[in-house]
Amino acid sequence: MTILIDQPELGVEAGVNKLDNADNELVLDGGFVVPQTNSFGHTFRDYHVESERQQGVENFYRTNHINQTSDFVKRMRTEYGKLNKMEMGIWECCELLNDVIDESDPDLDEPQIEHLLQTAEAIRKDYPNEDWMHLTGLIHDLGKVLLHPGFGELPQWAVVGDTFPIGCAFDKSIVHYKVSKGNNTTLPPAALFIIRYHSFYALHKSGAYRHLMNEEDTENLKWLQIFNKYDLYSKSKVRIDVEKVKPYYLSLIEKYFPAKLRW
């Protein structure tokens, strides 16, 4: 989706300072305890360990790297830039993800709405005053609705998986590299950066492609590195009571998205 931004400074509206310590640096550890293993008893993001998910994930990335070409990306940007597929509220989109299991994810085989809520609730616990970040946790994977028939029913290789640049050489940090107008929101630029690049592990984990960044990217990357811990390590078999937390997230949707999204 295309997003236009009109946003106050981070932390101001929430009544807190985004710089949390005496050295004026972001606090990267909000207290979240990182688990040692994923839902299957393996380390997180281990794409080579033998498991029931490993072969399917490897096949996914082989198809993904073969087909994600510059030409394909340009055609998709043109097609989905029209925003003529659907008009729907954010919570309704989240509910559509009840039927989606990410074929690229070696750490979880639960419906995606569970992952969205686990991420959002973990952030909410550690950063209670940064409500924009709670909502970012809820919607960070909302683009996966493109798998749904109403949004074009794209194949998984075109929608999910790690992000990487096209039109330049593959960096070795890319997973399985060898097989290789519209919607107004008042979310801050850092939130939009997180949504767009949270799966760009070659950048925010391995430090590749930093020569493509500007000063604003560098600042926003700090927030993305905070977010990543919750996105990755909150995945578990512990279910969130959807109806209990739904009113809170509906209030954030109303606050930051004044109208339904056009896709």
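Quick reminder: no glycine exception, Cβ is built from N, Cα and C everywhere.
Quantities reported herein were computed from a predicted structural model and do not represent experimental measurements.
Residues annotated as substrate binding site in TrEMBL: R45, D102, E103, S104, K144, G161, D162, H198, S199. Neighbour count (other Cβ atoms within 10 Å of the Cβ, all protein chains): 21 for K144 (substrate binding site).
Around the Cβ of D231 (Fe cation binding site), a 10 Å sphere holds 22 further Cβ atoms from the protein chains shown. According to TrEMBL, the feature Fe cation binding site maps to H115, H140, D141, H198, D231.
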* Hey, for the Fe cation site built from H115, H140, D141, H198, D231, who else sits with CB inside 8 A of the CB center? -> L116, T119, G137, S199
* Structure fact -> If you measure between the CA atoms of D231 (Fe cation binding site) and S199 (substrate binding site) and round to the nearest Å, you get 10
* To do: Filter the binding-site residues H115, H140, D141, H198 down to the ones within 10 angstroms of D162 (substrate binding site), Cα to Cα, kept in sequence order.
  => H198
* How many Å separate the Cα atoms of D141 (Fe cation binding site) and S199 (substrate binding site)? -> 10
